[in-house]
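S.K.: Have a look at the structure that comes next, please.
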Amino acid sequence: MLAGRAARTCALLALCLLGSRAQDFGPTRFICTSVPVDADMCAASVAAGGAEELRSNVLQLRETVLQQKETILSQKETIRELTTKLGRCESQSTLDAGPGEARSGGGRKQPGSGKNTMGDLSRTPASETLSQLGQTLQSLKTRLENLEQYSRLNSSSQTNSLKDLLQSKIDDLERQVLSRVNTLEEGKGGPKNDTEERAKIESALTSLHQRISELEKGQKDNRPGDKFQLTFPLRTNYMYAKVKKSLPEMYAFTVCMWLKSSAAPGVGTPFSYAVPGQANELVLIEWGNNPMEILINDKVAKLPFVINDGKWHHICVTWTTRDGVWEAYQDGTQGGNGENLAPYHPIKPQGVLVLGQEQDTLGGGFDATQAFVGELAHFNIWDRKLTPGEVYNLATCSSKALSGNVIAWAESQIEIFGGATKWTFEACRQIN
């Protein structure tokens with residue numbers, strides 16, 4: 001009788017195992033386990049199989065992470081090849097240009113000569129286009145390296161969705177870019193063809209930026225809301241960021257930010273604030289060969305900033321409506337001051353605050369020649385004049401540094417458009 005009971009026990013246990021593992025597609029194994037006569041045999045079998053499932057999931061996760069790393073390394077190698085090809089194209093374009101053609105089309109738009117929008121792409125020579133594309137690809141390479149490092153440090157949180165995005169979204173865009181580069185390498189098109197090719201390449205690169213941004217969203221959930229930067233890789237009239245909040249009426253202000261750019265001539269417009277009836281209510285701009293300027297109610301003061309060396313710089317501008325007194329700080333040190341800048345004119349409320357573009361109309365009217373090219377982070381605004389000590393704390397990343405009481409740098413408050421991107425940045429850890 002005991003033998004019959006044991007046989008029935010094993011049979012029931014086998015049935016429980018078959019039910020609990022019905023979703024497995026591998027071979028089924030049967031395990032007989034001694035349990036008390038009055039115990040729940042199905043529950044015991046599930047507990048015994050739980051450890052095995054956990055081990056299987058861990059092994060699968062490790063395999064996924066390894067595949068992700070291999071995919072990222074493959075993308076980095078592809079970008080190196082693209083950069084090499086672009087270099088060869090640029091060299092060939094220089095050799096093909098005649099003595100009088102080497103610098104043609106390279107002049108910057110003068111005021112009043114019309115906007116350099118995407119419809120005017122043929123104004124930029126091929127060598128400059130290829131140089132910009134090379135810089136953009138280098139930026140993509142850096143961001144892929146950041147993704148690789150993030151994957152290595154946070155492998156336990158990776159999923160198959162990241163792998164799928166890496167394979168399906170980066171691969172097809174890189175094939176498009178490679179095709180465009182080969183076209184440039186093999187033939188010499190006329191101005192119309194050059195314009196079309198550049199437009200197609202920039203469109204592909206913009207899409208690639210957007211799709212890499214989707215991958216970088218995996219980092220966003222695991223970082224503080226202020227540990228990010230904005231990147232504007234190309235000088236266009238459609239790439240920008242918008243601050244969701246507007247400004248109140250202000251009789252004094254301090255605006256501070258971190259900037260990194262090597263654009264020349266002129267880094268462009270880090271930010272602009274427009275209100276109904278006045279597009280230049282508050283603007284910071286460096287255009288052409290002019291020095292950087294601050295505009296308040298269309299009144300101008302020249303600032304002593306020199307920041308287009310490809311390094312991170314912290315800049316601040318303070319202003320009070322009384323006598324229009326202003327001060328300018330670079331890297332924590334005051335470099336200039338003045339007065340009579342829009343005196344007794346308060347900053348008007350209910351406007352539109354844009355990062356990366358100069359507004360000719362409320363919320364729009366962007367001009368590609370005035371666009372900011374580079375990286376921007378920790379944009380803060382206060383409704384008072386900060387002291388030199390407070391500015392220094394910001395520039396040195398002191399624990400005493402303050403966040404803006406009007407506009408504080410927060411990822412949830414910034415919307416990006418046209419291929420501008422957000423990715424992780426910690427001031428003073430990544431600078432220079």
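Cβ coordinates are placed from backbone N, Cα and C, and glycine is handled just like the others.
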S.K.: Of the candidates ASN57, ASN280, which does Swiss-Prot annotate as part of the Ca(2+) 1 site that also includes GLU358, GLN359, ASP360?
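M.R.: Only hit among ASN57, ASN280 in Swiss-Prot's Ca(2+) 1 site, alongside GLU358, GLN359, ASP360: ASN280.
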S.K.: Report the candidate from GLN350, GLN370 that shares the Ca(2+) 2 site with GLU358, ASP360, as recorded in Swiss-Prot.
M.R.: GLN370
S.K.: Measuring Cα to Cα, how far is ASP360 (Ca(2+) 1 binding site) from GLN370 (Ca(2+) 2 binding site) in Å?
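M.R.: Each residue's Cα considered, ASP360 (Ca(2+) 1 binding site) and GLN370 (Ca(2+) 2 binding site) end up 11 Å apart.
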S.K.: Please give me the recorded positions out of CYS256, CYS316, GLN370 that lie within 10 Å of GLU358 (Ca(2+) 1 binding site), comparing Cα atoms only.
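M.R.: Taking CYS256, CYS316, GLN370 one by one, the ones whose Cα falls within 10 Å of GLU358 (Ca(2+) 1 binding site) are GLN370.
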S.K.: According to DSSP, collapsed to three classes, what secondary structure does GLU358 (Ca(2+) 1 binding site) have?
M.R.: coil
S.K.: Can you tell which of ASN280, GLN359, GLN370 has the least company, meaning the fewest other C-beta atoms within 10 angstroms of its C-beta, among these binding-site residues?
M.R.: ASN280
S.K.: List the Cα distance (Å, whole number) between GLN370 (Ca(2+) 2 binding site) and CYS316 (disulfide bond).
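M.R.: Cα of GLN370 (Ca(2+) 2 binding site) to Cα of CYS316 (disulfide bond) measures 20 Å after rounding.
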S.K.: For the recorded Ca(2+) 2 site formed by GLU358, ASP360, GLN370, name the remaining residues of the chain with Cβ within 8 Å of the site's Cβ center, in chain order.
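M.R.: Everything else in range on the chain: THR269, SER272, ALA279, ILE285, GLN357, GLN359, GLY365, PHE366, ASP367.
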